[in-house]
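Annotation source TrEMBL lists region 'Disordered' at 1-47. The feature compositional bias 'Polar residues' is assigned by TrEMBL to 24-46. Taken from TrEMBL, the feature transmembrane segment covers 59-81, 119-145, 157-175, 216-239, 260-281, 331-354. Among the features that TrEMBL reports, domain 'ABC transmembrane type-1' is placed at 120-350.
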Amino acid sequence: MADNELTPADDRRAGSTAAPAQPEVQSATGTPVQTTQAAPVETTSGAGVKRPGDRVFEFLSTASATLITVIIIAIGLFLVLQAIPPLSRNEGGVGGFFTYGGNWQTANLDAMQFGIPNLFFSTVMISLIALILAMPVALGIALFLSNYAPKNLVRPLGTLVDMLAAVPSIVYGLWGAQVLGPALGKFYEWINSWGGGFFLFATYQNSPPFSTARNMLTGGIVLAIMILPIIAATAREIFVQTPPGQIESALALGATRWEVIRMTVIPFGLSGFIAGSMLGLGRALGETMALYMVVAPANDFRGSLFDGGTTFATAIANASAEFNNPISAGAYIAAGLVLFVLTFVVNSIARAIVNKK
């Protein structure tokens, strides 16, 4: 028997301590040669190991997400619970809350009358003015910074645009009331002289004077400047992600820079631009201080750009002196609930568009 062979008895005596048999290979002369194998190294997947830092980070992340969700739910519950008592006292009930367009009567708790149509239409109209004015300007800024601007100017110009979002609302309000409104008064008066017969440019006996121009158009212009950086920043981030292959292919086919933008950049980033516009709309719907100072309050909504208006936010700010009575305050909290739902829906739509893209 060969020396390097083991009998079955020898193999049993070796038991679990015997090393596994090494495979034999043939040498160039045909003689069997014993090969050696490195002992297997036991490894542990890094994904299965949780260090203390990982556990702490996971806990903090989960707690933060949970806390935000709880806060949003708590705010919603607070608004609902506070709105129920005044709605039950409203002469028109819940239906009247959505249809009554007269003056709010909340002092007499036994004969309360309040509704949101005027607030809703004023809020939507001013926000749409801002959106219509801001979207084309923001699109131009985003396209310039992502496609035309020299590389050494992209960062400083982008920073300047982003700084518009850092200006406090009350500063915009002061500027709009003291500078922008009076400066646009003559222009508004000229438009009214030519198009006053059209309801959008009509004026009424109690409309704000053109000397101050505290109307919804001025409020929309101020609001457009405020939401401009939101839309521009979102669109710019989407435009710069356009696949370079698509741009190079268009250039190789002889397309001009504008044709490249029109055929590749804009189609690729259109959903992001729309999402940024929706985020800007959500910001505009809830603005308070700037509109409080720029737009004269009005009890009626007549659809004119040169008329005053009261939004959800400014109505709540105007009535803050009445909040010593929980029932009277609850009427405005009910209006706040509608604004809360409206902004939540708008922002959710914007996030869904971004996530889909």
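Heads up, the Cβ atoms here are built off N, Cα and C, so glycines get one too.
In TrEMBL, annotation is done automatically, which means it is predicted and not curated.
Keep in mind it's a predicted model, so treat the numbers as computed, not measured.
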Please identify the stretch among 59-81, 119-145, 157-175 with the greatest number of Cβ pairs below 8 Å relative to the transmembrane segment (216-239).
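Looking only at 59-81, 119-145, 157-175, the most contacts with the transmembrane segment (216-239) come from 119-145.
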Cβ under 8 Å to the transmembrane segment (331-354), counting only same-chain residues 6 or more beyond its ends: which ones?
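Apart from its flanks, the transmembrane segment (331-354) reaches 75-76, 79-80, 82-83, 86-87, 90, 97, 104, 106, 112, 114, 116, 119-120, 123, 234, 271-272, 274-276, 278-279, 281-282, 285-286, 312-313, 315-316, 319, 322-323.
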Near the transmembrane segment (119-145), which same-chain residues lie under 8 Å Cβ to Cβ, leaving out any that are not at least 6 residues past its ends?
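Beyond its ends, the transmembrane segment (119-145) has Cβ neighbours at 154, 157-158, 161, 216-217, 219-221, 223-228, 231-232, 235-236, 239, 261, 265-266, 273, 276-277, 280-281, 284-285, 291, 295, 298, 301, 303, 305, 309-313, 315, 335, 338-339.
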Restricting to the same chain and to residues at least six past its boundaries, which positions have a Cβ under 8 Å from a Cβ of the transmembrane segment (260-281)?
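Hits for the transmembrane segment (260-281): 127, 130-131, 134-135, 138-139, 142-143, 146-147, 227-228, 230-235, 237-239, 241-243, 246-247, 250-251, 346-347, 349-351, 353-354, 356-357.
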